Amino acid sequence: MTNIRKSHPLIKIVNHSFIDLPTPSNISAWWNFGSLLGFCLVIQIVTGLFLAMHYTSDTMTAFSSVTHICRDVNYGWLIRYMHANGASMFFICLFLHIGRGLYYGSYTYFETWNVGVILLFAVMATAFMGYVLPWGQMSFWGATVITNLLSAIPYIGTVLVEWIWGGFSVDKATLTRFFAFHFVLPFIIAALAMIHLLFLHETGSNNPSGLISDSDKIPFHPYYSIKDLLGALILLLIFMNLVLFSPDLLGDPDNYTPANPLNTPPHIKPEWYFLFAYAILRSIPNKLGGVLALVFSILILMLFPILHMSKQRSMMFRPLSQCFFWILVADLFTLTWIGGQPVEYPFITIGQVASVLYFMIILIILPSISLLENKLLKW
């Protein structure tokens, strides 16, 4: 009799994806982040489900319902802070996962990469709508500012914004629909993640050298399942330390003040994981130009397969490209810092320089350096 995991129609799929999956023998800890993202998504869906049982999406009671969760619901404070900080952990893993893909040339798997970029957009949309739900000052004004950006679209902009708002300002209708979308999007993300895996398993995993590894593969279980479990435990340790010791470290104190349309906070800024894009948006004086730069700063990821000029896939043996990759990382840190600063000199100038550098490195410098490396290697 055949082993049930190889013969059962459902278990067979799991077996081919997580047990008998042939995996390169040399993949490093940087390949852990895919499974960690799955782990984060499960945490977010479970905690979110429990929060949704007590939350009310009405402008009059939303803020009070979150307070009620923290004070009166058993372990409500824990669930709420796990959900809020879970988003931060999700984005940390997401950025590291994308960074690994860029460094080791994983973007040459077109379908997997493009589904991944769509996933990034979906996660960003979900996080933005989730930030609006507690209905604090930063929730309200963040929603107002970000949705207002759509008014920069010629002809249909204003109508589009009012259609999204469900009125002439961010109000009850906006909150209700944001809650509905915030609830349903994680399940769409889970489905997209499965498509992402499906495309990945068509080609097999990349590895640090970027070379074909068909001749040297090992089964995923037990080797990498144990490695992923270790990664999950380390993530859980960092995550629970954050939740239990400094749950408000990454939040904004303004969000502990109920939303007031008559009082604007001194500095309106999104959560830390959007600050790099926010800095790019602010560094362009023109509204439409800023919005286009904002969208393109993420959409540019889809161009990486086209901009890949090197004869080698990975950056492992390309020291010049490595150098500029790390300059790009430093530039993103700079943009994140600038996004949280007030709009005044010298921050405006630093933001503009960092924004130009971001696009220059990706569109001009990295492809040029790749061509130079090809020349140096006489390829």
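Note that Cβ sites are derived from N, Cα and C of the backbone, with glycine treated the same way.
Noted in Swiss-Prot for the protein shown:
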type: TRANSMEM; residues: 33-53; note: transmembrane segment
type: TRANSMEM; residues: 77-98; note: transmembrane segment
type: BINDING; residues: His83, His182; note: heme b b562 binding site
type: BINDING; residues: His97, His196; note: heme b b566 binding site
type: TRANSMEM; residues: 113-133; note: transmembrane segment
type: TRANSMEM; residues: 178-198; note: transmembrane segment
type: BINDING; residues: His201; note: ubiquinone binding site
type: TRANSMEM; residues: 226-246; note: transmembrane segment
type: TRANSMEM; residues: 288-308; note: transmembrane segment
type: TRANSMEM; residues: 320-340; note: transmembrane segment
type: TRANSMEM; residues: 347-367; note: transmembrane segment
Outside the transmembrane segment (178-198), six or more residues from its ends: residues with CB under 8 Å to it:
17, 37-38, 41, 44-45, 48, 52, 55, 57, 112, 115-116, 118-119, 122-123, 125-126, 129-130, 132-133, 143
Near His182 (heme b b562 binding site), which residues of its own chain have a C-beta under 8 A away, given they sit six or more steps off in sequence?
Thr126, Met129, Gly130, Leu133
Fewest other C-beta atoms within 10 angstroms, as judged across His97, His196, His201, which are the binding-site residues:
His201
Between His97 (heme b b566 binding site) and His83 (heme b b562 binding site), find the distance joining the two CA atoms and give it rounded to the nearest Å.
21
Taking the Cβ of His83 (heme b b562 binding site) as the reference point, list residues of the same chain whose Cβ is under 8 angstroms away and which are at least six residues distant in sequence.
Gln44, Thr47, Gly48, Leu51
Can you name the far-off residues of the same chain, 6+ from the ends of the transmembrane segment (320-340), with a Cβ under 8 Å from a Cβ of it?
99, 102-103, 269-270, 272, 274-280, 282-283, 310, 347, 350-351, 354-355, 357-358, 361-362, 365-366, 369-370, 372-373
Taking DSSP as the reference, which of helix, strand or coil describes His182 (heme b b562 binding site)?
helix
